[in-house]
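Record features (TrEMBL):
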REGION    1-27  region 'Disordered'
DOMAIN    127-173  domain 'F-box'
REPEAT    295-336  repeat 'WD'
REPEAT    337-376  repeat 'WD'
REPEAT    377-416  repeat 'WD'
REPEAT    416-457  repeat 'WD'
REGION    493-532  region 'Disordered'
REPEAT    538-560  repeat 'WD'
REPEAT    561-600  repeat 'WD'
REPEAT    601-631  repeat 'WD'
Amino acid sequence: MLSFSCNNNNNNDSMDTEKKEKSNALPVKDFLSRHVPDQVTNSRRLCYRHRPDLIKQRQPDGLDAEKTQRQLEELPTEDKAAITHIWSLFSAAPADQRNLILRGLLSTCCMPQLSFIHDAIKPLLRIDFLSILPREISLQIFFYLDAKSLCHAAQVSHNWKTLADDDALWHRMCEQHIDKKCTKCGWGLPLLNKRRTATAIKRPLIEPSDSPLRTACGPSSVSRNVAMETEEQQEKTYKRTKIDKETTTTFSNIFSGAGSRGCPTPSRRPWKDVYSERLMVERNWRNNKYRLRVLTGHTDGVMCVQFCDGSNILMTGSYDKTVRIWCLETGQLIRTLTGHTRCVRALQFDEAKLVTGSMDHTLKIWNWQTGKCIRTLEGHAGGVLSLHFNSRLMATGSTDHTIRVWNFSAGECCTLTGHTEWVNSVRFCQEGTILVSASDDSTIRLWDVQKRSCLQVLKGHVGQVQIAVPSPLGFTHRFDTEEDDGYLKSLSRSSSLPELQPGCATEAPHSNQSASGKRNRTKQEPAPTAVSSKTPIIISGSLDNTIKLWDMVTGKCIRTLFGHVEGVWSLAYDTLRIVSGSHDKTVRVWDLGSGKCMHALEGHGGPVTAVGLSDTKIISTSDDGDVRIWDYGVLHF
């Protein structure tokens, strides 16, 4: 074995020994002539770091070549030649001889040199595998990343950014999260479907109840009936166009059609921008960041509300016997409709007509574009408390304990009897074949519209049921069963969960600190057990201070939500959340999957009588006469 000294003050004997060894060494020229030609001609022997086709794509190594060259130039000529001689020998040596040379060098190194080698090797061992793989395989790998990881990957290099920003990746991400909860991370993003609803305004007079317009505009005290299409239809309706102020259809050109003729064709947006915009809105929902506007004008309590984001229209009915039409964007009053002799308790509008119900026992049909009353319907022996219409039928509930079903096409009216108290809520579902009603007799009834018979009576509330909202056809709900027992867990055991798809990691793409101040689950903690089902449900609110979720098929109560300290007057929900208004003067936002209360919104000076919900807004009305707009769609505060 060769022995080496760490002493920097070498004696003359050691220098003489080195000179003898140098004189006896193999000339560099002979060594290079034997090994270099074979390495140059055989490209297969070149490794990842020396392949000519990869050198340009590879990021600079941790070693600074320019700095090394400058240090070499500063040395004396003899020392520079000796170092160059060593480098040339090593670079020309075959792989087995390189290992032998390295072992000899390592045996001579002191601790400072070994530490230097340790630090220098770390960055050199990193391989940009994406530069070697075909683009298709690289994209397939990226399909298994979540949004946060894709954004981190885009910061690695230009090549990685091109791959991480690929439109197909972000389209897949949007499919997994927009208007639904991801089965892996539990996050769902709002649809923000303004363009589709604005387009629906220009359609014919009568629309089916599950039309795109009805998706954004719900009846009376609930702002929208969440009409869900199948997954294939959803993919077609996802638009990556942004409607700005110049292209948004306003109240003045809705009816003239000028907005549609004058609108330039919007440019297509990258799916990453679409996802990013919706993620910012969802974070506002989770962090309870909103911009509040208060509309004043009614002189008495406001009892019902409906709005449409696509057409920027908001309508409210009040105890002051009027209906007011507002511009949703500016908050300006557009028109006041007068004609009822007592308070307006219910309203619903579409692109052509408005129907109002009043305690004066009448229903009025308006052309809300002109403000004219087209027709007045009479028939109830008491005040009209609720109404809901679709393309063919209209149902109304009254203080006379009856429900009347009006047929638009046939001009007929039939009466459904069964409730023993006021009928506070009526709603069509299942394409108009089923009618759901709620009453002060503490029951919810399901009616067969064609046979005019009661199918089922749901009992469980101990107070007057003020509202019952059925899920629309095709609605898929996903309930977390971690903290539940009984029905939900039995359902989760009997139901097969959907297959997990690539594209989202276990951890949600947000910080570990939730809006409520509690830390979210880490990757090591198990995700909550969940059950996903298309079984139709009903969500009801009662003056017993609770909200209940019902299985419409079996009539069983799935879950009860506690949080309000006084009765619940109104609620609205979509695929992600429930919003409720209560006599305790608060508006509460609930997570639909877990049933947990996310936020309690305060500010009203009286009981909250009606609430409306869209992808970006909550609108609440109160006995104090105010209309409050809680806007979560603001991207920059």
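Glycine residues also receive a Cβ, built from the backbone N, Cα and C atoms like all the rest.
Contact between the repeat 'WD' (601-631) and the repeat 'WD' (295-336) is supported by 3 or more Cβ pairs under 8 Å, counting only residues 6 or more apart in sequence. On the 0 to 100 pLDDT scale, the repeat 'WD' (538-560) averages 96 in the predicted structure.
Long-range Cβ contacts of the repeat 'WD' (538-560) within its own chain (Cβ-Cβ under 8 Å, at least 6 residues beyond either end) map to 429, 434, 436, 438, 442, 444, 446, 456-458, 460-471, 479, 484, 487-488, 566-571, 573, 578, 580, 582-583, 590, 595.
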